[in-house]
Amino acid sequence: MLMFTAIQRGVWVALLWPHLLTASMPLDCREENGNLSRCPTISQEKLLDRVIQHAELIYRVSEESCSLFEEMFVPFPLQLQRNQAGFTCITKALAIPSSKSEIQQISDKWLLHSVLMLVQSWIEPLVYLQNTLDRYDGAPDMLLNKTKWVSEKLISLEQGVVVLIKKMLDEGMATTAYNEQSLFQDDAQPDMLESVMRDYTLLSCFKKDAHKMEILLKLLKCRQNDIYSCA
């Protein structure tokens, strides 16, 4: 039944997938020589709108990917096991506010840098996730394509946020130094159950953080329009 539901969902999403890809506005800021020279020509307002749209799409696709993975590879007892085992997200140690009151109190500068930290923290883990999903028997192309798409769009989002920091805060371009995790450098192959639970945790945590990126960026947009009405 789970497999049938997953297939139904995959067919439905496949029909919408081309529209999802074409609906997003381009955000690629990097020229072929590696310089971030495209986005600086876009107005600050339009760039923020594009960054928000990218964050919205990334969250939506991450939500679909997590649900598809869950339906195909994670029976309900294992879903409960993950919740009870207390798996932690890789970004838990980052100094990023999580409560509504904390988020409302932070500055625009910290909002942007919080988004950038989240984005950069997930670039390398998503590359790992692409590689490990390729080893799954029966992993649908839809899931593989979604993971690859999110990974590529996350890099575009990073570029957009970096330029946005330059425009809004008049700061130099932030360096993109990734905090490598030993979790993704272990050459030993975990057993299938361990691999499934680890990948499920990654997808679930990324979905949560992608939503947080979207919320922070939309709060920033609200502040640009009317700082007193942003809840």
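The backbone N, Cα and C atoms fix where each Cβ goes, glycine too.
Listed in Swiss-Prot as the disulfide partner of Cys89, from the options Cys29, Cys39, Cys205, is Cys205. In this view, Cys205 (disulfide bond) is surrounded by 20 other Cβ atoms within 10 Å of its Cβ, with every protein chain counted.
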